[in-house]
Amino acid sequence: MAEKLSAVKGMNDILPPDSARWEWFESKVRALMARYAYANVRTPIVEPTALFVRGLGEVTDIVEKEMYSFEDSMNGDRLTLRPEATAGIVRAMIEHNALYNGPMRVWSAVSLFRHERPQKGRYRQFHQIDVEALGFAGPDVDAEQILMCRALLRDLGIPMEHVRLELNSLGQPSERMAHRAALIAHFEAHADVLDEDARRRLHSNPLRILDTKNPAMQAIVEAAPQLMDFLGEASLAHLNAVRAVLDAAGLAYRINPRLVRGMDYYNLTVFEWITDKLGSQGTVCGGGRYDGLFEQLGGKPTPAVGWGMGVERMLLLLEAVGVQPPASAPDAYAIVPSAEAMPVAMVTCEALRAAGASVQMHAGTGEGMGSMKSQFKKADASGARHALIFGADELAQGLVTVKSLRDGGGAQIARPLAEAAAWAPTLQSLA
Ligand code: ATP
Ligand code: MG
């Protein structure tokens, strides 16, 4: 036998029955986006490497060590598998002048790629639901997006006690410059405790040091000067306006002055939704305002805000809190006793499906027809509400037997083959 091949480490296959959980989650997301009037966008998985280097910042975990970058062997272009969604969406908006007629609310379901150490809740290919409001200065839209997250958690049936919202303001670039000087002085005074990453970032991007996951550095990070104390009136007013909406909406949050997020493009509002159910992979959703990114990528000044939600982590959280998506099963399963009955059965199933019923049929004419008993077993295993029995006697009279497989089962009724569309709706009820 030829040698078997495996998927790339940290990249997962999503197969049944697990894929049903994904579809259920995605259907909740789609319904949410429709209710908030966010329009779907899809951008390429591969982008020029320069987009992310310029967009996310050279001294970030993603750009320094997590990107899958390669040279296009045809023309030597430097390309990267997208590690996050926002930069590509902003590029597309600028390229197509899509905000010409006014601001836009958009969302996207994306696959992302980061070269990280794979573990539970952390993969090399992972998925996000991403929302962006482009051309809005906020703070109303910032709050709207945070509330969208809560609405989705509710729609999914995740009790709010298992997630918390953390909020911070990163202010404006001038405020960050003043804070930065104070940060550098603080970390220089504790240079002995800095790890290699931190020492390298001390003068290039000291704010990043606050994002460290190194336990040995937590104490000096705790003691570091807080950006909050450097914020001017306008930045504080923006934060307070967001808080006022959250308060009015009865959504509890914690101000976390050390919340900085992993990309450089953020300013003002930043937030994360965190659960304690998933260990150190506890952040299920993160986002914030990025008013400077359009200009940084060659566009006109355009205020914007967005968030990204980790789909794998949300599904793990659903599992951890015991939320089971409703089982999906066909309305009916066709039992086909003989090869002769197969064409009529197939045509009837087609008519039922055209009328909106979900019908599973496995006549098995290629593998040898199974006994009635084994077909009934399969019908039961499928979870179908009804069996359709295409027996020779019924067919001779132009009929098919519909038998209930639920609630003890047994009840049966003969239905005319020629009028499938008329009785298809009855398959969708438990009668
Ligand atoms: P972390 O601090 O856990 O590395 P991050 O700050 O890098 O997260 P973001 O870039 O803000 O994450 O992405 C938003 C969300 O995407 C995260 O909150 C998380 O739910 C999810 N996510 C990020 N990286 C991964 C990954 N490697 N595998 C699975 N999900 C991820
Ligand atoms: Mg990360």
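Heads up, the Cβ atoms here are built off N, Cα and C, so glycines get one too.
Any TrEMBL annotation is an automated prediction that lacks curation.
Keep in mind the model is a prediction, meaning the values are calculated, not measured.
Among the features that TrEMBL reports, L-histidine binding site is placed at E84, A85, T86, R114, Q128, E132, R261, Y265, Y266. All chains included, 24 other C-beta atoms sit within 10 angstroms of the C-beta of T86 (L-histidine binding site).
Sequence annotations record features per position, and here TrEMBL assigns domain 'Aminoacyl-transfer RNA synthetases class-II family profile' to 30-337.
Contact annotation for binding-site residues (T86, Q128, Y266) versus ligand 1: Q128, each with CB under 6 Å from a ligand atom. Across the domain 'Aminoacyl-transfer RNA synthetases class-II family profile' (30-337), mean pLDDT in this model comes to 95.
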